[in-house]
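Annotated features, as they stand in TrEMBL:
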type     : residues : note
DOMAIN   : 108-318  : domain 'Peptidase S11 D-alanyl-D-alanine carboxypeptidase A N-terminal'
ACT_SITE : 114      : active site, acyl-ester intermediate
ACT_SITE : 117      : active site, proton acceptor
ACT_SITE : 171      : active site
BINDING  : 287      : substrate binding site
């Protein structure tokens, strides 16, 4: 029998119980899985003081908010699991139990690097049509030699589905720009949409400036917000299909009407076969991100040996080897919860 119910997490911040109340007071509407979250307005109430500090409370007074989300304090301890202070943040989210099993600096504002592309993909899937042919502009050029691109041709056309594969697997920055212009007409307008939609998801500690995550001082998120965005993405079957791929061959059109093929591979080491997950843990895929300012980041969707789904995230590892060492520690903790 699973010990999942018997394991107790030690919360280092008692205000977590209060914020959990704020986010889970939901009134069900018909058969819909969700409702309205009511905010308690009482002067001097520690619940409202904590919510005002961590969130824009106006968002929760009359906006739909899913009752299926994991909510917690900033730090959540897990028996037998020690913090790694050199990391910027880390978290393990139990999707079935709607609980945060582990959290370290979940609400610190951090640079997301290419994990930004999750929001770009979310908007492409929400507002775009996968079979649409996207016309590429000159905006996809000008990236530095060490900035990843898929080699899109200005004046050429690429199917939106292929752009998503290039975005999520190879992490092509040019794919992000092409998607942004397709959805909103410009990168600037798309960034505004990213921020609007992030707030709708509850990601109030996030501010986006571009669709790819190359460093901007005013471009940031939190580990918890990243969980919210990724969790929204995995509700889409096409998204899960793409992040589970071991490779994909893009068809990239040029201005002359010629078609070029490009094989794109995932960037996370589990999908590449460079790192093995603990026995009994199945990693479906996720998104990586690396810049000098962000460090090495990864967020994953996985299942334990009983097929219980989890999201795990690490931000700010010093290098790739340490990133996956620490991620395997999180996945081992996931495994232990089902034993």
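Each residue, glycine too, has its Cβ placed from N, Cα and C.
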Mind checking which of 117, 287 has the fewest other CB atoms within 10 A of its CB? They're the recorded positions.
117
How big is the Cα-to-Cα gap, in Å, between residue 287 (substrate binding site) and residue 171 (active site)?
8
Residue 171 (active site): secondary structure state under DSSP, collapsed to three categories:
coil
Tell me the coarse DSSP state (helix, strand, coil) of residue 117 (active site, proton acceptor).
helix
Got a sec? Which of these active-site residues, 114, 171, has the most Cβ atoms within 10 Å?
171
Where the residue listed as 'active site' and residue 114 (active site, acyl-ester intermediate) are concerned, what is their Cα separation in Å, rounded?
7
